[in-house]
Amino acid sequence: MTHQTHAYHMVNPSPWPLTGALSALLMTSGLIMWFHFNSTTLLMLGLTTNMLTMYQWWRDIIRESTFQGHHTPNVQKGLRYGMILFIISEVLFFTGFFWAFYHSSLAPTPELGGCWPPTGIHPLNPLEVPLLNTSVLLASGVSITWAHHSLMEGNRNHMLQALFITIALGVYFTLLQASEYYEAPFTISDGVYGSTFFVATGFHGLHVIIGSTFLIVCFFRQLKFHFTSSHHFGFEAAAWYWHFVDVVWLFLYVSIYWWGS
């Protein structure tokens, strides 16, 4: 079956799933070493091997799809189903954080002072940096849609401009979030409020960084004429992921920043 022409997704043997798993082990172990022993050596090793794995894995996929023609319509259909299932799993991942937040906030225990936010916690003003962050992400959702429509219409220059704007807005969001964390009057160790706030918004911030990386790869691929109006699943998956990140932020803003304050 693997040595004859067919439309199905028969991947070649690859070392990258193994190196990716090992790099994930190094990163998680490195985080523990950093938290408990203030040593970043293992974490840096994990991040480096993870970046190398991602680069080489993406390179192989680009070669198979763009240059060798392995991504037939049947394969693209399977990849779309896979991306949809991945996003559904991410929705469930964030559902756990929202569950923890509402479980704690709707029935605050006597230890929290019987109120929410807990006694002694001064929440961030939802009409300052969080509102700006919301505007930035909503604008990036518009620009990524503009990029997609430009690609479908064969307008390469507009697609590149819109994609660049989206990436710039994603980086701006990350910088705003970092400044907000730096200036926050509470920390992750300040009870259940600090824990749910930093874990939920922190994982969302991580997803923004991942999505920005995904879009940067798409930007450089488009510079090399890799995408056409009929063959661009890599960009389409990145756009879906970015819209997912947008929607999660809206729920975070309404729940944690606005209602939770």
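In case you wondered, yes, glycine gets a Cβ from its N, Cα and C as well.
Quick caveat, the model's predicted, so the values are computed rather than measured.
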Recorded membrane side (Swiss-Prot) equal for THR72 and TYR257: no
Residues from the same chain, set at least six apart from the ends of the topological domain 'Mitochondrial matrix' (67-72), whose C-beta lies under 8 A from its own: 7-9, 79, 231, 233
Proximity of the transmembrane segment (73-105) to the transmembrane segment (16-34), 3+ C-beta pairs under 8 angstroms: no
